[in-house]
């Protein structure tokens, strides 16, 4: 493991902590897309099927359990917590997230390394993660007021993807020289989806203004 | 054939 990978994982973890902090401390999930959060539950469940069949490291095992657990906790808060669920912008969270599942699954059936349940579902989780942020970005675009914690959550999530790209570059040139096309391509697509958000996030930060995305 | 470290990232 290199420093970029570790920094990427920590940024990912930090983004989740920021989101849970927002929900728990302010008892509000306004500006957060439940659809994106539900997609992340599916992403983690399908990717970490090997949790009990293959041991990589204690670090990997703990992180996998944390990602699965926190994603369930967030969805639980948004759906069932009696105060939090009332702050959910249901009418603005309009992205048809189910339409992302089938194309990602078909693509995973067509493009994978090995035709096994584990590998196809692992590939599916990579394709799905690449596009899972879309409902969240659409919701942000429709929100007049994006609060700081929501903006920071998406910023750290994007930073995590950027650091993973650096990790792959480092790994390829300085560690194992192995091409991993499926994670690379889906990771690059995912990172590119954040470009627009990053542009406006940095702009608002420079101008000391509240973040607002153009419609 | 999948090497073990093909799936080692999170």
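Using N, Cα and C of the backbone, Cβ positions are placed for all residues, glycine too.
The transmembrane segment annotation in TrEMBL covers A:58-77 (among others). Within the same chain, residues 1, 9, 12-13, 16, 19-20, 23-24, 29, 34, 37-38, 40-41, 44-45, 48, 51, 84-85 sit at least 6 positions outside the transmembrane segment (A:58-77) and bring their C-beta atoms closer than 8 Å to a C-beta of that stretch.
Residues annotated as transmembrane segment in TrEMBL: A:98-115 (among others).
Residues or ranges marked as transmembrane segment by TrEMBL: A:121-140 (among others). Outside the transmembrane segment (A:121-140) by six or more residues, the chain places 31-33, 35-36, 39-40, 42-44, 46-47, 49-50, 89, 92-95, 97, 100-101, 104-105, 107-108, 111-113, 146, 150, 154, 157, 182-183, 186-187, 189-190, 193-194, 196-197, 213 with a CB less than 8 A from a CB of the stretch.
Sequence-remote contacts of a segment are chain residues at least 6 beyond its ends whose Cβ falls under 8 Å from one of its Cβ atoms, and for the transmembrane segment (A:152-170) they are 2, 4-5, 7-9, 11-12, 14-15, 18-19, 22, 32, 133, 136-137, 140, 180, 183-184, 187-188, 190-191, 194, 197-198, 201. What TrEMBL records for A:152-170 (among others) is transmembrane segment.
Look at TrEMBL and you will find A:182-202 (among others) tagged as transmembrane segment.
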Are there residues at least six beyond either end of the transmembrane segment (A:98-115) with Cβ under 8 Å to its Cβ atoms? List them, or say none.
39, 42, 121, 123-124, 127-128, 131-132, 134, 182
